Amino acid sequence: MFLINVLTVTLPILPAVAFLTLVERKALGYMQLRKGPNVVGPYGLLQPIADAIKLFTKEPIYPQTSSKFLFTVAPILALTLALTVWAPLPMPYPLINLNLSLLFILAMSSLMVYSILWSGWASNSKYALMGALRAVAQTISYEVSMTTITLSMVLMNGSFTLTAFATTQEHLWLIFPMWPLMMMWFTSTLAETNRAPFDLTEGESELVSGFNVEYSAGPFALFFMAEYANIIMMNALTVILFMGTSCDPQMPEISTINFVMKTIILTICFLWVRASYPRFRYDQLMYLLWKNFLPLTLALCMWHISILISLACIPPQA
């Protein structure tokens, strides 16, 4: 029974990832005044399936001087972690109801660094290694701001459990009182998932393709799927934390539709950002976090702690 539950969570993610690639290409096409994919199938709808067949039927090529074991394990680890993170997300009910589900998600997303680092090191290519080192520094840096923002959210929520956020936001979404944190969180999720304008790990003009430059066929597709699964997961988490997914036990379907629609809107915002902004310089990327986001998030965290303490000091009004 547990296996069926696992499959019902993980299997819908794969077609969602496939069609997100199509939506991205279509959206970027229309934003750049062109059509995008429109040949394979009606309106280009079968393009992701054609891409998947092409990639998984090709033979993977291993560089002669690469570390074959790590080279193969890295993309498998990336996709496994990307799918595992979905387990505690309430949609409206989680696969595994953990007490520390928020901490679990942060820990799992931190482990993604290893797959990128291994792929860059195992490729034995200077471009791949440079991209991997950039990715590691970037991901670790923005994890700091995300963890501090999460701490503020937990103070408002009173629990690390994601299901409790639905109860907290029954009357007011946390995006309204905590909009500065929401803005910093959204920017941090862009950096965490290595998306434009923070896509320095795969800077085509400098590093050819970044950490996955030596990958082809199936392993490359696994990295691609992991990246897009992480994008959808981060947006789903943003919806749970800031935009309230009220769960009605009588009609859980309404809650699921509500949750999915909000996640789709945020995901389209991710694509919109890619179409609108140029890539950051690497020093600007680090400056933004360590000199701007970190002091602000720490100050807001202290502010939220002081609010709770000051409210607790007020005597009850008759």
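Cβ atoms are placed via backbone N, Cα and C, with glycine included.
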> Which residue range, 41-61, 146-166, is the one Swiss-Prot calls transmembrane segment?
Replying inline: 146-166
> By Cβ distance under 8 Å, which residues at least 6 away from the ends of the transmembrane segment (102-122) in the same chain are close to it?
Replying inline: 66-71, 73-75, 77-78, 81-82, 84-85, 87-89, 128-133, 135-136, 139-140, 143, 146-147, 150, 153-154, 160-162, 192, 201, 211-212, 215, 223, 226, 230, 237
> Taking the transmembrane segment (171-191) as the reference, which of 2-22, 69-89, 222-242, 294-314 gives the largest number of Cβ pairs under 8 angstroms?
Replying inline: 222-242
>> Is it the case that the transmembrane segment (2-22) and the transmembrane segment (294-314) touch, counting contact as three or more CB pairs under 8 Å in which the residues of each pair are 6 or more positions apart?
In response: no
> Where else in the chain does the transmembrane segment (253-273) make close Cβ contacts, counting only residues six or more beyond its ends and a cut-off under 8 Å?
Replying inline: 20, 23-24, 27-28, 31, 91-92, 186, 190, 193, 195-197, 231-232, 235-236, 238-240, 243, 245-247
>> Which sequence-distant residues neighbour the transmembrane segment (69-89)? Criterion: at least 6 residues beyond either end, Cβ under 8 Å.
In response: 9-10, 13, 62-63, 95-98, 101, 104-105, 108-109, 111-112, 114-116, 118-119, 121-123, 162, 214-215, 219-220, 222-223, 225-227, 229-230, 233, 236-237, 240
> Hey, which bits of the same chain come close to the transmembrane segment (294-314), Cβ under 8 Å, at least six residues off its ends?
Replying inline: 144-145, 148-149, 151-152, 155-156, 178, 180-181, 184
